[in-house]
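Here the structure is laid out as structure tokens; the discussion comes afterwards.
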């Protein structure tokens, strides 16, 4: 008997709902694809993206903006797939919450360190340098993000998460959580 796996369902839904042919892409590959399908791991993006023992959200990643020569500053609020600053062989899915020249106060409940071991000063805003952005998971209790490794180079952004195609079809919100918006300073 033929059994359809969740990934196959996601590919079919993606093709039918979008009118495009989406191809599975390994992030270690340097192929220039317009879109790919990615399954989440971990709980850092809950409630926007969900990973449970029964189901894992399968999302469509749009790679086109990163391939345009005019792409320089990522869009705040977008959920992006990013090469992990701490392990370049892995990808993480996080929300872009601040872009270059903006200021953000890191979360107080995290152990704050830059990768060069310069600690964040509590309640002191971090100014995002040119060519960098600040990324966070929506689930602040379960996210290793810029609060740990500091601003992220824009070059690590692989694409934007646009749609969940499994287990239910939905677009991904670009809304930054209120608790995060309160920490972004003019």
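Just so you know, glycine gets a Cβ as well, placed from its N, Cα and C.
Copied over from TrEMBL:
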{"type": "ACT_SITE", "residues": "44", "note": "active site"}
{"type": "ACT_SITE", "residues": "94", "note": "active site"}
{"type": "DOMAIN", "residues": "42-111", "note": "domain 'Peptidase S26'"}
{"type": "DOMAIN", "residues": "118-166", "note": "domain 'Peptidase S26'"}
Do any residues at least six apart in sequence from residue 94 (active site), in the same chain, have a Cβ closer than 8 Å to its Cβ, and if so which, in order?
44, 45, 79, 80, 82, 135, 136, 137, 143, 145, 146
For the domain 'Peptidase S26' (42-111), would you mind checking the mean pLDDT of the predicted model?
83
Neighbouring C-beta atoms (10 Å sphere around the C-beta of residue 44 (active site)):
23
